[in-house]
Every structure is written in structure tokens, then in C-alpha cells.
There are 2 protein chains.
Amino acid sequence: MNMKQIEKEFLDFVKKISAYNEALGLIYWDLRTGAPKYGVEQRSEVIGLLSSEVFKMSTSEEMAAYIATLSKQLLSEKTSKILQECKREYERNKKVPEEEYKEYVILQSKAESVWEEAKETDNFALFSPYLEKLVDMTKRFVSYWGYQENKYDVLLDMYEPGMTVSLLDQVFHELKDKIVPLVKAVSKSPYKPKTDFLFEKFPKELQREVSLKILEKMGYNFNAGRLDETVHPFATGLNPGDVRVTTNYNENDFRTAIFGTIHEGGHALYEQNISKDLIGTPLCTGTSMGIHESQSLFYENILGRSYSFWKNNFELLKQYAANGQFDGVELEDFYRAINESKPSFIRIEADELTYPLHIMIRYEIEKGLFNGELEVKDLPEIWNEKYEEYLGIRPKNNAEGVLQDVHWAGGSFGYFPSYALGYIYAAQFKHKMLEEFADFNHMVESGELLPIQEWLTEKIHQYGKLKKPIEILKDVTGEGLNPNYLIDYLYKKYTDVYKLN
Amino acid sequence: MNMKQIEKEFLDFVKKISAYNEALGLIYWDLRTGAPKYGVEQRSEVIGLLSSEVFKMSTSEEMAAYIATLSKQLLSEKTSKILQECKREYERNKKVPEEEYKEYVILQSKAESVWEEAKETDNFALFSPYLEKLVDMTKRFVSYWGYQENKYDVLLDMYEPGMTVSLLDQVFHELKDKIVPLVKAVSKSPYKPKTDFLFEKFPKELQREVSLKILEKMGYNFNAGRLDETVHPFATGLNPGDVRVTTNYNENDFRTAIFGTIHEGGHALYEQNISKDLIGTPLCTGTSMGIHESQSLFYENILGRSYSFWKNNFELLKQYAANGQFDGVELEDFYRAINESKPSFIRIEADELTYPLHIMIRYEIEKGLFNGELEVKDLPEIWNEKYEEYLGIRPKNNAEGVLQDVHWAGGSFGYFPSYALGYIYAAQFKHKMLEEFADFNHMVESGELLPIQEWLTEKIHQYGKLKKPIEILKDVTGEGLNPNYLIDYLYKKYTDVYKLN
């Protein structure tokens, strides 16, 4: 068989794996949007069987042979990147002994249910041995996978290819130095936004109408997607022609649905606009968690909580709000209200100013655990100390402290930093947009958001995983990771909102 | 390896095939209930890949080995039936040379699109060569599969295991002899039901409310299902815990949705109540097209168009109908209206009295084609003759004649008789219910439909494919296929509705 034929066979094999993943994606979407509950047990079996087929194919001798043979060839850029992805996956999975991996999967699922109980009963000691074991096993996996500078780099790399502790340390340090004083200044400001008008009853169906209108303005294509309701909002790209968004409606706080929709809409625009040429390959998704999050956060916060955006959309919102919820509310007051910031315990409820601090705390703890500088048993105390240092508040219990997030129970170490990276990237992209669109604010004020989506598609979306995050960042902005744009953005915004000058 | 182990491996293999089919079922449901259209092309690739995996597994050497080894063993009833199903499938697929099968699949898909055009332009000559080729190839397949008495038996057996021409000839003959005169008597009756009040505007959301209420009364379990909207209603059993129903709303004719829902609800009750013990096996579905149809038709017509049913539900319908649609309409008039019968050209729009005649015409034509007594080119003429003979009306063109149904274009020969068998079975089951429930009508009048569902579950649903259709029929009624109960039922009903005495 000649090389062209082998390459074609390899691409067919990869296409098959993608097909399984697409079917799995639909099953997950369905489970979260209304699958009948009595069918779930059997559906889990189906998930198990299809996932194990994917695993088998990704780690098969057939795959090994393709990697071995094709790695020596001169390939097109696309095939070569696909091969790299497959190799990455193959090695990650093959280097861990099968028995240990099975043990780990069982541990994960036990740990999640123990974590739930521990959180409910505020009992860290219950969860602690599981967390210890998860950290130990993950450390062992890291040693199988191999690392260069820092063990934790290997975990960062899973979510943000190329990211390292040495870079994050520096960037987070700068960020912390600037944000902590800003948070303090905001706390002390006597000019608090009024927010009472946010919490009036806004019927679900009308919130849905507003959500649909805003998605459309953003450039979300309803021929390639749909909006459904779930407890936890998400976006899922089954293929670029089918990228679904969900949101959650709180009738006493319209912000949940509207900003949730805009956030997921940002993720969805990314997935809808990946080049069709990448369909059926592992490159047909966002290049990293961080870049993905940069898209959702750009839309949700930088755009969606901007004065210009609401200058265009406040009338729309007023129109749909029942019972004159915003009668007599000035745009200025509305803008300040949706940008209220205050230190809080729960990460997922945090505002955009304090959010990065929640992340840094988790980053420092994870890094400490994997470098042997911290022990699991000490986490509650360390956690609370850090909240006091960074945010000036101390959790009263572990449920609102160290036990709040499911991530560690699921073994997801190295994941948290992506959220903060998303903020940093988003601010860098925004800065570039200001340079390239002379009339950026005016455009947003007039509701012309399509040029923004087109710009993001041209520079980011279309590439999928063809470019690494750092390549994207450099090609778009001309520089590397730089927290100063986020810092500037936050200073300008919160100085204004809280009248700090 | 010992036999127990081989049996376990076989059952695991079968479970895997079921898992793929369940995933495919969900994909089909999704495509029909709102999948974004730009994603369909890629989704079709996914369907193609998963289906071809199912085909490969069903015809694999692994499967052949299980069949060969386990056929010689003493197995549990369940395993033995599973093995039979697998063998049936294996042989059906293996006996046709691969090249011919591929040619056939291409022909099918071409024929369907040619049929569409032919129907639109009333041009039978366009479709005729494709139909000829489909019949020829199917004949050849029948010769590969082998047959005993009649070639057409092999095709009947695909949808109704065990059904034969000699039995159907006799049964359909009796049915025709009795129904044709009844149809004529009805046509001549001066007492036509008034129907104008059926066609007032009934808002979709309210039709949905009524549909949900009736499904619930029937015993449909919403923890194991959901109701969605589609152009063509259907029910799909992904597993007994997830059996979904769809319906279609016509705001100017509530009957479409209500009777459509009841019909699909009947199918769904069957699938929801199959023994959980059969999950993950090919036995976990209805035993045949005909028995399945008996459940939907029992609920839609025998129960759902009965006087007793509406004695209980007319108030409910009135309550949801907007603008007093049924004000001043007596239950008696309503009952007569929903049982209006008149000869018509289109099968899927036919009432329960004339429907079986539409089926018999197709049956006679198919049988003639496969036994060499008819030629494709003569079908339009034969079709029209038969409509005149059976129903007293003659189609004006082929679109409302021989070209109306997609079945033949898809190569589905032998399928049509199942619809009529469903009516016959349903009437046989109803007769037995009358014997076993002393107060059947009173029960229905009081809305107590659960005992009926429980009875059907005990006698039919739970078994899935563990029993063949004829076994079900004999075990439930104590006799074989007998059209007299349907004849009696139709005579009683239409004598009453059209005041024939």
C-alpha cells in the first residue's frame, strides 16, 4: 500500500472516532435537556460502550501503526496536526497501566459521591482520604507521562497546551498585585450601585425571547443551533452545523438567563465557525479551554456588560420586561447595577473583578499539592487564609470554602487556571479590536455585532485546533500572554462604576 | 473456554449491537424533532458509520461462530430466542452477495427520489423501470433466502413472522366479502353525521394539553417518555425507560393531534412495558409490525373512537377547546362525527372501515408481482380497477392512485398487510377483553383505562419478541387469526353510526 492510501485510511479511522464522539455528544445533550429519567440507567450503558470503543480505537495497534508510519512522512499541515493530536491522546492513554487507570476511574466516581456528602455535611475529613488518593494517583500518572520543569505543567498542558507554572506564576503575580488593591478600593467606595430593580419577576418565556434576540444579534446561526433550558447552562458543538446552547431561567433574576445565554453564545460562535474542512477530525473544536473561555467571557463581560452594549439593548430588555420592571431606571444605573462587584465565597457566583482571585487561590493550592509543598489535610485552613488575604473574607464552613467545587473530586487538576486565562486572553483580543475597529464603541452602540464575530472567526474560530493557543494569541495580538490589558480594562471599568477617582 | 463463558460473551456482543441501535434511535428522533438543519449532512455520516458497524457485527465471523457453537447447546429460553433472532438477521444478510446488496441500496435511494418526482408530475412511466428493477432484485434475494410455498411468504415473514399467503388469502377474502357491502350500505345511508364543528380553530398549546392528559389516562409513563411535535407522528422505543411519542398539530382539525397521539401512545405502551429483563437484546421490541399496529389501532379506534371513551373525555375536550367549539354539540353527534366513513383515495387519510380495503388492494398487487401474475407496467390500470371494485371510486391520476405511497420505492414489499392484521388482531383482543372484564364499557366510561393497559402488558407487552405473533394471538384469545371479530365490530359500529337498521 502506498503512503497516500495509508493516509486516507488513517483519516477514515479518525473520522470514525469523530462519529462516535458526535453520537456521544448528542446523548449527553439529550440527557441534560429532557431525556426521560427511567431510561438513564440503560443510556449510561450505551455511553459506556461507545466511550470504550473510542478508547479502544484511540489506543489500538492500528492507531499505533498509523502514528509510527505516518510520523516519518511529509504530510499536509492538516494531516500532520491530526496525527499530533492522535499521538498525544495515544501516549497519554497508553503510558498509564490499564489496571491503574481502571482503579482511577472507580476512585473518581466514588470520590464524587463522597464529595457530595462531605459538602452537604461540611465534613472535609470524609473527603480528605479520597482527595489524597486522587492527588497521589495523578502524581504517579504524571511520572508515567514524564515532565520537564514542573510536574504541574503536565496537568496545565492538558487543558491549555504549552502553559507552564513559570509563566503562570509571573502573570498571576502581576494580576494579584493589581487586582487585590482594586477590590479593596471598590469595597470602600461609598458609591454602591442600586440593584433592587434587578430582582423583579421577569417571566421565563419573555426572558427566552430576549435571549433569542440577543443570540441572533451576536451572529449565532439558528440554522446551525438551538436554545434549550437546563439547570446548568452549556454549549455543545456536535459539528459546526449543529452547535447547541442551553440556558437557565431564574424568574426573580433575569441576569442568570441573559448573561448565561451570552456566555454560552460566545462558546457557540467559536464552534459554529470552525472551518468545515476540519469536520470529522480531532481538530474540529476549540484549541484550548482558555481560548474557548476567552470567547465566552469576551461576549458575556467585555461586550455584554459594557455601557455601549446596553445603550443598544436596554430598550429591548425594557420592552420584554413585564410590569414595567425598568420604568424610571436610567441606563447609567442599569449599567452600574449589572457591574456590581463584591468579595464573595462562591466562585461561580463571583463578578468579573473578583473572579480571577478565586482562580488564583485554586491555582496556588494545586501547584502546592503537586510539588509537595502542601498536604491535603491542611487545605481547609490554607483555603480560608487565602480567601482572607485575597478577598478580605473568611468562609464560615467548608461548603462555602474548600468543598465548593466538584473539580477535584473528578480529578480535574490543572483545569481552573483556564478560566483566568480566558479573562486575560479576552482583554488582549479586545485591545486589538479597539486598534483595528476605529469605531468599536459606536458599532456596539448601534447593535452592529456581526463585524466582531467575523473578526473573531477570521482570527480565531476558523482554525479550530490547527493553531495552538499561544500561536493564536501571538498571531492576533502580536505578543504573548500579558495581563496588563485585563488590569487596564478592570481599572477603567471599576473606577467608573464605583467612582473611584 | 466453557459454554457459560461463551454464552456470556455472546450476550455482551449482542448488548453492544443494541447499544449502537439505541444511539441510532436517538439520532433519528433528534433529526425529526428539531436538529439544526446545517448539521444534518454530517449527522448522516455518523448514521452511516454507526449503521455499518451494526451491519458488520451482525454478519461478522464472531457472530457466525457464536451461532455455530451455541446452536448445539441447551440454552435458556431467552438466550435461545436471542440466538434465533441473530441467526435470522445473519442469514438474511449473508445470503445476498455483498455487491448485489450494495447495488440494491443505491437503487433504493435513487428510486425514492425518482418516485417523488413521478408522483409530483403524475408520471408513472418515469418510476416504472425503477419499480421493475426493485421487484426483480427482491425476487432474486428471495431465491437466495429460499422459500417453501410462495415467494411472497418470505416477504410477509420479514414484518409478520410466520404469516403466509395461504392464510392471508383466506382471511382477506372473508374480510372483503363482508366489508365491501358494508361500505356500500354506509355510502347509501341518508343519515350522514354532521362534522362542521370539528374544523374550528383549536390552538396548538391547548391540543397539547389534551394530548398529555389523555396519554396519562392511558397509562403512558412520562418518567419513561415525552411528547414532541413532528410533521409525521411516530413513537420510538429507545429502551423501555425511554419511549418517546410525537404528534402533529393541525389547528383547524384537532383530530390529527388527538387521534395521532392516542395511536402513537398505543405503540408506546407496548414498548414501555416490555420486560426489563430483555433490555440490551434484540428481543426488546414489539414482536411484529402487525401486533404493534394492533396496540396502536386498539387505542386509536376501538377505544379512542368509542362512545364510552368520549362519554368520559368529551368534557375534557370541551374544556380546552377555545371559543366554545363544542357548545351545543351533543355527545352522540360528536361520536358520529369522529366516526364518519366514506370511500377515499388516500390510504393514510382513510377511516377505520375503508382502511382495510386500501390494504387488500396493495396486498393483491404485491402478491401478483412476486408470483409473476402481474407486470409493473400494468399497475396503474389494475390499481384503478381495484379501487372501483372495492371502494366504488376511481382515482383521477396516479398521484392519488398507484404512486401515493413511498413503500415500494423503498423496496418495502410485504409490509402493507401488517396494517390490516393490526385491525384484525385488535378486534380479537377486544373481544377477549369483553369476556374478561365484566364491566368493560363502564370502566372506559369512568376513565379507568389502567386495567386495560395492565391486561395488555400481562398478555402481550411484557414478552417483547419472546413470543411470535401467532403465539401471542393463541395464548391471548385461544384461537388463530380470525377476521370475524373485526367484521362484527365494524358492523355493530357502522350500523349504529349510520342507522342502517
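The backbone N, Cα and C atoms fix where each Cβ goes, and this holds for glycine too.
Because TrEMBL annotations are produced automatically, they should be read as predictions rather than curated entries.
Of the residues proposed, A:GLU229, A:GLU293, the one TrEMBL records at the same Zn(2+) site as A:HIS263, A:HIS267 is A:GLU293. On the backbone, the CA of A:GLU264 (active site, proton donor/acceptor) and the CA of A:GLU293 (Zn(2+) binding site) stand 10 Å apart. The Cβ neighbour count for A:GLU293 (Zn(2+) binding site), using a 10 Å radius and every protein chain shown, is 26.
Cβ neighbour count for A:HIS263 (Zn(2+) binding site) (all protein chains, 10 Å cutoff from its Cβ): 24.
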